[in-house]
């Protein structure tokens, strides 16, 4: 076994651990004192707070948090970044927490250590390296080759890979369900790639068809539960959208009623249907906003609303007079578009509704206007208008739904990552707090976050406690037990036994400090003071003796416990910078250790001080410890042996035992176990072992942690469901978003939102260009042709083609030259540039909608008819058109009244084209709602001015001709003229129609932007919480890696471990070093002048910190610090695949170089601290067993004969010399190291051994 049980100075019977001393000099900018912008071993934006992010009122995000969002903590599933020679993290914690040496003045640094620090400072001040882009995707071999990055053992890696694989599979399954169209054309592109085409080659026709079909596929998530969560996520927003749609539908119905009321006689069926539609919609609006309305009712409400719209459509087209194929186009377009945009239905339902509304209008127009000679032109134009409206609806609905599903998916992924980090963080916290008491761990983490003032010495984490009891226990006869077991069986035996001791310590209110070989020691009264600390230690000792007696019965080996207890004062805490372990120091600790050494097997040996705290509750007899231990005799310590409890104490213990049994029975009892591998199994039958182990109180291996068995996906969904139910959209909107402008109240938040890139901008431009084409076709169909029309449309087409081409390059950037790529990126990635391009595109579309009006005949038909009939213009009506000698009709394109300009008899199609241009405006989702409103109002103002001033005669003429056409149809050749054949003037209808559209489109734009901003905000808050959790996790991980090796920490964080679960590895060739300060015990004294010994410990902390800085250098990355024991420093190399060099033996040479470096450093320390410390170092190589004893309170260590001999090389060594064994000599001599033979040395347990002194490294060539 390891010789680490030795105690070097008075009060140093225990192992030391490392403490951080965060320092913040000018060259140490980060919270950990690093010179570069790294935090917790991962890239961190400089200038950001190292603390967890602090939220401003209203949940706004600070600039530091935004920086942290830009450089996120890597998840624990990712492999560690490769460590290189200039990386301060190489080989472990290579940090200097002070700005200058404790051994020199605050001036220059002219020693070897100073130059080393300068080199490391220069390295750390270099450019910050980001983690590998692949995250955890790299191979272990690649990671191992990258500068000595450690690789987990295969046994650990398999479990982690399985867990990662499950997580990735779930993520991919969900990510694939976000949208069907985002990856459209994959099948075709992959097929083409096989034909030798380059990246982004021409897509096949099949791929294009698949891309189009993808749009109409269901976007449902594969999981019904996830789909319901998505519906719940957007339920309030959909409810608001549905209410808004009902309001605008009521407005449209009222406008239709007003138009009908303005042209008598009134038709009761028409009025009844529209009034009923308004009533039904209002009732539905009330029901939809009741508390009882939930997402299951949403579908019914949507389809009911579609039915109402269809009824209004049919009645609105069949009943009004005068008839016209252009009648009702504006509300049909309105109905179609609002179903796509404001009605929360699936794409296929929206498409079917739009097509059905279009078909109804076309069918009714064909039936009621079958005798019109010009009907074909109108029907073709109507088909183009409805087709364009449906396409624009699809182009609006599809990206909106995809964006919503992506926002939901990304938010869920943030929550999933946060919960994953939270689970791992809880495991880390549990593991961390099992090794370090809470107050020490919290102080360390606080110092990590806080910027420390520059100090000469590292901060030391030590507290003084005056009234405690210290228990040391050693297994007597352990050598005999060890001789009957292999090294692995011995480790398992110790693991099971000490796991039981840990459980007993918890029951008896004792804190286990450390395990040193077969020695176990604990303290009662830490960290919280207890008046009965002496009683707790005595009861702990009794339980330990009882537990070892069961081992004796099971194994048949004569083993026993020797227990020593002393009460007094201790200093507790950690020392150094690496491999922290909580420890205690003081002369009283030294005395307690000697009480164990001078005790008797199976008895509890106590001092007079402890007896005074027991208050006569135990019967004792004189211990005569001085007869068995020289230290006790030298210091005249009066000792006693516990005989038994008094009757009063027995009654108290019986009451406590009864309460424990009742608690156990209420929970249920499970069969105990020894673990999967039982070193004592062959000695007795299974039943007998079970019986004995039952008496020892081991747990059932079948017990599983409830959290482990829970499905993480269900946990994420449940958490998300609670968050959805808890969030208030109105509160979020009022707290963070301005009501009218819809901008964030926090400027930083608005800036971050504005920097979002919409990858679909090219699609928006393409859709607007498609609207332009439809408008062109409508105008060509319905308006007389002219050279101006042709030239204007060709010019606009070329401009739009260029804009589309440049915008689309962003999506397939690799196919085009670099200047075009740069131009496309500048347009798409800049909100201002993309908005300007969008406005330019919309302007061209708008111009195409009405510019042909200026080529039409503007003569007033009323004036011509008044002149012909010799009446005033106010007396002219439609009957005069029918009675005119001139054939004025809608089919006549020759100019009226002798005008050379052609007649445009259907000017309402200009209005419908303008409506399409307004729809094109709504396609650009990246333009703000206020921007769209300003743009649409400008379009409306310009067009209405044109209609009301220069184009008013055009619309008045059309009104006369439509009414006259209806009179001809109804008279059917008779001479009667119905005076009631009237029509609301187009110049009145047009501004109202456009205003209704502008209002509806603005409400839709506001809804879209509001949804996008709330999604952004919720995702940002979820990301922020995830970042805070990951930041805390990174701190904990950093602390853990200073306690356990990374591969070991990963093993224990993989899942909850049982108290007696074992982790170990067999290592075939490990170099082991023990380095002790031989005369430190002479230096350590407890005086009031040195704060009862604290200042001595402060100096020891500096020495250990210097050793830790040296082992952190890249050239020593193969080394692993094991622990410190008092003033003894223990390290080893070759403990895993990445550090073991079977051929070159570089790990052995690295340890020899490290030993020589420690000698040089000690000389430097002596020179600058005016001391004369003498070091003895022992080295050995051979096989060891590395593992962790106590899964719940893990302590990493190595065991085996190799370790014992290395310890003996130290203890039998000579001050200021490095003693090595023959095996070590052979390796070093073969590599031309300078050694000399010391001769034969007597070694305890080994007899005589030939040893050598290491004098220096290979001669320089």
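Including glycine, each Cβ sits where the backbone N, Cα and C put it.
The domain 'Guanylate cyclase 2' annotation in Swiss-Prot covers 1071-1210. If you look up Swiss-Prot, you'll see 870, 887 marked as N-linked glycosylation site, on the strength of sequence analysis. Marked as omega-N-methylarginine by Swiss-Prot: 23. If you look up Swiss-Prot, you'll see 96, 155, 666, 754 marked as phosphoserine, on the strength of similarity to another entry. As annotated by Swiss-Prot, phosphothreonine applies to 1011, with the evidence given as similarity to another entry. Taken from Swiss-Prot, the feature topological domain 'Extracellular' applies to 857-909.
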*In angstrom units, rounded to an integer, how far apart are the Cα atoms of residue 1011 (phosphothreonine) and residue 754 (phosphoserine)?*
15
*Cβ packing number for residue 754 (phosphoserine), 10 Å threshold*: 14
*DSSP helix, strand and coil counts for the domain 'Guanylate cyclase 2' (1071-1210)?*
59 helix, 40 strand, 41 coil
*Would you mind checking how many other C-beta atoms are within 10 angstroms of the C-beta on the residue listed as 'phosphothreonine'?*
20
*Kindly assign residue 754 (phosphoserine) to one of the three DSSP-derived states: helix, strand or coil.*
helix
*Indicate whether residue 1011 (phosphothreonine) is helix, strand or coil by DSSP.*
helix
